[in-house]
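Student: Input: one structure, supplied below.
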Amino acid sequence: MLRQAVTGQKDRMRRQDLPAVPENSGLFVTVTGVVAGWTHNRGQPMTHQGHGSFRSFLGLRQRHTQRSGLKAAAADRNVLNVPSKLPQGASTDLSVIWRRLRQLAVPYWKDSEVASQARWRLAGVVALTLGTTGVSVMFNFLGRDFFNALSEKDAERFTQMLFKWLGALTVGIPVFVFRSYYQDRLALEWRNWMTEDFTKRYFENRTFYQVQVTGQPDNPDQRVSADIKNFTETALNLSTTILQSCIDLVSFSGILYTIYPPLFAALLIYSIGGTSISLYLGKNLVGLNFQQEAQEANFRYGLVRVRENAESIAFYGGEASEAKLLFQRLVSVVENYGQLIKTSRNLQFFTSFYRFVIQILPAAVVAPLYFSGKIGFGVVNQSSSAFNHILTDISLVVYQFETLAGFSAVIDRLGEFMEVLDEAAPANSSPAAPLQDQPEPLLPPASSIQLSDEWHEGVGIGKGGVLLDLQHVTLRTPDSSMTLVEDLTLQVKKGESLLIVGPSGAGKTSIMRAIAGLWTSGEGSICRYGRPVGAGSGGGDIFFVPQRPYVVLGSLREQLLYPTWADAEDLVGSSAPDPETSDSHDGAASSHKTATKRIRPPPRDAELQEVLRRVQLGGLLSRQSSVPGSPAQAPVAKPASAPSSPSHTVNSPTGSGRQHGNAKGLDAVADWAGVLSLGEQQRLAFARVLLCRPALVLMDESSSALDTVNEKHMYNLLKSEDIVYVSVGHRPTLRAYHDRVLQLLDRSSNNDAETQQQQQQCNWKLLDAATAELS
Ligand SMILES: Nc1ncnc2c1ncn2[C@@H]1O[C@H](COP(=O)(O)OP(=O)(O)OP(=O)(O)O)[C@@H](O)[C@H]1O
């Protein structure tokens, strides 16, 4: 990181068009040399990518073949447990890198909605880049005449040239500054677009969940935040550098050739030799850059985990082991980084030498011509400058080794991520670029449970009042390593409640996952007669309450409105209650355009306060913000019913700056996940259900932290609202609130295949809750 910061700073300085030769060399023997160097920024690393390597060049093939093994392992590890040594592949398959580069780079310039605008801007940057070469050539000639005048002691001409030269500066400086500025701006816009695109696809089809379950790819957050930034900046820099190199090569070759053809020979030998040596010296950088990024991400993630689980760790007294774990990760970071800077040091010995020698080599070659009086002193300078330019063009690899290496690692990481996103995408939304050499699918193709939804215009109930219909469902874990439920057939009808019980690990939560569509591995079909409630859906029939209540960042109001009215900004103006089907308590917002009959406006404050009291959380209304001035990051909800009502300045009670210091009641902002007890969080989850009023709620141990009185009260509230519920739970008291019990039986610990098969054929029982005798 430190190195990144330092080098990043260096790059910035360099991109301010400092000389191509070492900044502190003091070897700029002529003003022309300084200007030529200053006007020529191609000799420097471009935006730093960390310390790169040609890891990708050497790594892709092996990683591809290792993928199947990784898949199996991935199911058993979460992101935190990414092995400290990532597979360090070895591949020289440039076609893979090229394919990934195309897939990453092309969409913005070709398929995006801003493609034509972006192309125009790119054309502007290219024009400015051409301009910089023009300015360099201009200074090359001005410098020659300037030094000729100096050596001939022609004072009048010297003064003339001095003014010309200064005048040229006023043209040259803006060209360089604006080129750099517009290039940076274009990179920023590209990054913005790519980040949005990746993020959108990451959330589509619950890919983020799949990534979490499989652990592939590692550290997606790092890829979205840091790698995309690196990719866009370097891609643009590299493109303009290559373009400028080509143009320079042509322009200055002519100049050099007219001065002295043998200079070419010296130049070719020098550049080819230099490139070969730097490739040799830099080969140890292979893998180090990729490793560094992964190690840094693991270390950072370890710290985040400590923050997220501070209380649990404190209760367990787990500081020492957490610190040990973090130190282990730190050791990996430091060790790898130590290797990296050592290798980099060796490379720099050579590249520095290489750059310094350039300063005198051309002068040494043309010196005999100068001594014999065939050329003037200005021409010596001119040849020096031209030589510098051409050598920099040809020696791109020497100068940009680390940048190129880092860029390949970034392409690799982003390409891998994109392939995961493409795999998760629905069949009809295949990626823009053709995929030859397709990677293997993330999970092996297996039979899957058919999930369907049936709901029409406000009525989501199937024949006979069926809300949920499971037919011959066999459910397996995502890696298909374990069959959890075999041939399960059951229906949940209006007015009937179901309790799912069974030993820990039997698959109770997994049944919920299958109904929610998170797990699909297995056979059979599940039909949900109703619209599932999703974030910002504004209503729905089927509501899922997970085992761990999710507490959003933001105000108390936002806690209550989540998920039904999360992101309700979009809802405002595009949705409205239909007078016939709306069950809004206040009946307001009837002026809004109807988008879907089932969408309801967010409840008003009075209703939110009332529901808090009903779930025995009225006391929260007297709490003050405990996160002064912190920006709420949660999706912001805004009641459509009364957008102009003073009591509904939900979005930002105190303006966009969100100074919550003194906010109270529904506007109070706190780290609710840390402040509320688990039981309070569970009651909050009940409040969300009561506000949404779905037809069916599926709850996974949602009352496990409640006392029996509160538990009874919560179930009575659901009954009073006619909400059908399916609960997962261990507590015996739960049976009293349910009509039927689905009991999952213990899977045999006996490894005997025959015994297991017999048990799996009937590893569940459906019983009447009143009379059932649970085993
Ligand atoms: N991502 C996964 N990949 C593979 N197996 C998994 C995965 N997640 C859970 N399992 C396994 O699936 C089995 C069923 O898990 P599930 O969470 O459904 O159990 P449960 O009955 O709800 O348990 P509990 O009562 O303890 O919450 C367990 O053996 C668990 O280890």
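Just so you know, glycine gets a Cβ as well, placed from its N, Cα and C.
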Student: Tell me which range among 162-182, 246-266 TrEMBL lists as transmembrane segment.
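Tutor: Transmembrane segment, as annotated by TrEMBL, spans 162-182.
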Student: May I ask you to indicate which of 120-142, 350-372 is given in TrEMBL as transmembrane segment?
Tutor: 120-142
Student: Which whole number is the mean pLDDT over the domain 'ABC transporter' (468-771)?
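Tutor: That stretch averages a pLDDT of 77.
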